[in-house]
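Enquirer: My structure is below; once you've seen it, I'll send some questions.
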Amino acid sequence: MYASREDIGYDFGDESKVGSKPIKPNPNIDGGWAWMIVFSSFLVHILIMGSQMALGILNMEWLEEFNQSRGLTAWVSSLSMGITLIVGPFIGLFISMCGCRTTAIIGGILNALGWILSAYASNVHYLFLTFGVTAGIGSGMVYLPAVVMVGQYFQKRRALAQGLSTTGTGFGAFLMTALLKYLCTEFGWRNAMFIQGAISLNLCVCGALMRPLSPRYLSEKSVVRSKSEDNQAKALSHSTETIKSNGVLGEEPEKKEEATNEEVLESVQHTEIGGSSKGGRNMYGLRVLKTVSQLTVTVRKGFALWYSSYFGAASLFTNRVFVAFIIWALFAYSSFVIPFIHLPEIVRQYNLSSQNNVFPLTSIIAIVHIFGKVILGIISDLPCISTWNVFLMANFTLVTCILTLPLMQTYVGLAVVCAVIGFSSGYFSLMPVVTEDLVGTKHLANAYGIIICANGISALFGPPFAGWIYDITQKYDFSFYIAGLLYMVGIIFLLIQPCIQKKQPREKSTDEAQV
């Protein structure tokens, strides 16, 4: 049975009520300030994801400086990349309470602090705390808002907008690799990290550009999207499970919570007026009470939304395809991260350093990655193309390349495989789009936080695992084979779950029958 638009997870409200009032679209939706949001997100991807993709340069410096095993040293890079993504669900709580702008600015300060403190590291374990944890948490506090804001500002060209913004990863990997290599050669790796920390303060500027949309425009955006994407939702329904079939992410409790909060604020305001009439003796205390009450309301509302999304009766985990998506994310990201961390050393083992210095393999991945994100985004926005199918095809191509990479021992062969890896990994720009199609705009921050958390776990254990396998076998071949096979298991979960759902017809819900 085909799923309705509501099955995809959009929050449409009462269409009869919507039709009675003319909708005045925000000029910044799909235009205007929306492109500044894309630019801000683009810079965030350069400074965060691009820098992390260039950590192979610093990894070699750390190996020489501290004389530790490859497995232990790789934990520094993997902690930074992993924690950036693992903290996603908790950053969703910050976004619910403080908004994307404030969260991103605080994250920019933390990220810069982590880089600067790492310049004074005396051992690898010190880097675990400063670079892995501090810089990682700061990166996560900027990265998730950058993705969520693009999803809020676009409805017709979401895949293209996400593709353009996330091309910053490719540009960043190319630029930061060259920058870190130059800084390490000229000033040493410690001064290089100090300078990179100063550059990372620009993340605060990126956060300041994340101007929030009003709640009224967010709700109107959901209504307009329900009409403009009817065909796309039907296409996606072939391979998605419904949230409302297992429990509606209802808004009634939230409305009651808002009513209670408004009553609290009104009572405080009445008290403040009464105090003013008595001569203003308690004005200062009343203002403090009002501020505390407003802060309490904001925290309670944000926590209620965050808690209901994860642990409520109608949580995101009742969506079976979304759960399969999480399982896929647990295995997928390490296959993309391992080449960036270990390719510089693999090239040195194959005696290809002279050719690699002319044009590094990681730079090939980064450059082609840019085109992959844009092209896959454009293809996915075509009305006759299913984003889900493009996403799956790109995954199949990438896992094939990961399994093929150990067989290539010449620079040309490695370059070709790396180019295909870069293009097929462009599916990263489709992840927010697929997530939003599954759960809706309202729950995008929490849902995408879960997905990148799973990616973070994959990135956390992938590079150290590859280093550990090398310490045992003295070869990286088995690292790629095992990572590729686990990646394939995740893809199979994505394929099996929709097929199971097609065999289990369900009764139409009341809301669906009304539509």
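Please read every residue number as a count from 1 along the shown chain.
Each residue, glycine too, has its Cβ placed from N, Cα and C.
Where the annotation comes from TrEMBL, it is an automatic prediction and has not been curated.
Feature list, courtesy of TrEMBL:
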DOMAIN    37-502  domain 'Major facilitator superfamily (MFS) profile'
TRANSMEM  33-55  transmembrane segment
TRANSMEM  75-95  transmembrane segment
TRANSMEM  102-120  transmembrane segment
TRANSMEM  126-148  transmembrane segment
TRANSMEM  160-180  transmembrane segment
TRANSMEM  192-210  transmembrane segment
TRANSMEM  321-341  transmembrane segment
TRANSMEM  361-379  transmembrane segment
TRANSMEM  386-405  transmembrane segment
TRANSMEM  411-434  transmembrane segment
TRANSMEM  446-466  transmembrane segment
TRANSMEM  478-496  transmembrane segment
Enquirer: Other than its close neighbours in sequence, what residues sit by the transmembrane segment (33-55), given a CB gap under 8 Å and a spacing of at least six beyond its ends?
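Expert: Hits for the transmembrane segment (33-55): 76-77, 80-81, 84, 104, 111, 139, 142-143, 146-147, 149-150, 153-154, 161, 164-177, 179-180, 196, 199-200, 202-203, 206-207, 209-211, 340-341, 362, 366.
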Enquirer: Between 102-120, 126-148, 160-180, 321-341, 411-434, who has the most Cβ pairs under 8 Å to the transmembrane segment (361-379)?
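Expert: Most contacts with the transmembrane segment (361-379): 411-434.
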Enquirer: Give me the stretch from 102-120, 160-180, 411-434, 478-496 with the greatest number of Cβ pairs under 8 Å to the transmembrane segment (321-341).
Expert: 478-496
Enquirer: How about long-range neighbours of the transmembrane segment (386-405): same chain, 6 or more residues beyond its ends, C-beta under 8 Å?
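Expert: Long-range Cβ neighbours of the transmembrane segment (386-405): 159, 232, 235-236, 238-240, 328, 332, 335-336, 339, 372, 376, 379-380, 414, 417-418, 420-421, 423-427, 430-431, 433-434, 437, 480-481, 483-485, 487-488, 491, 494-495.
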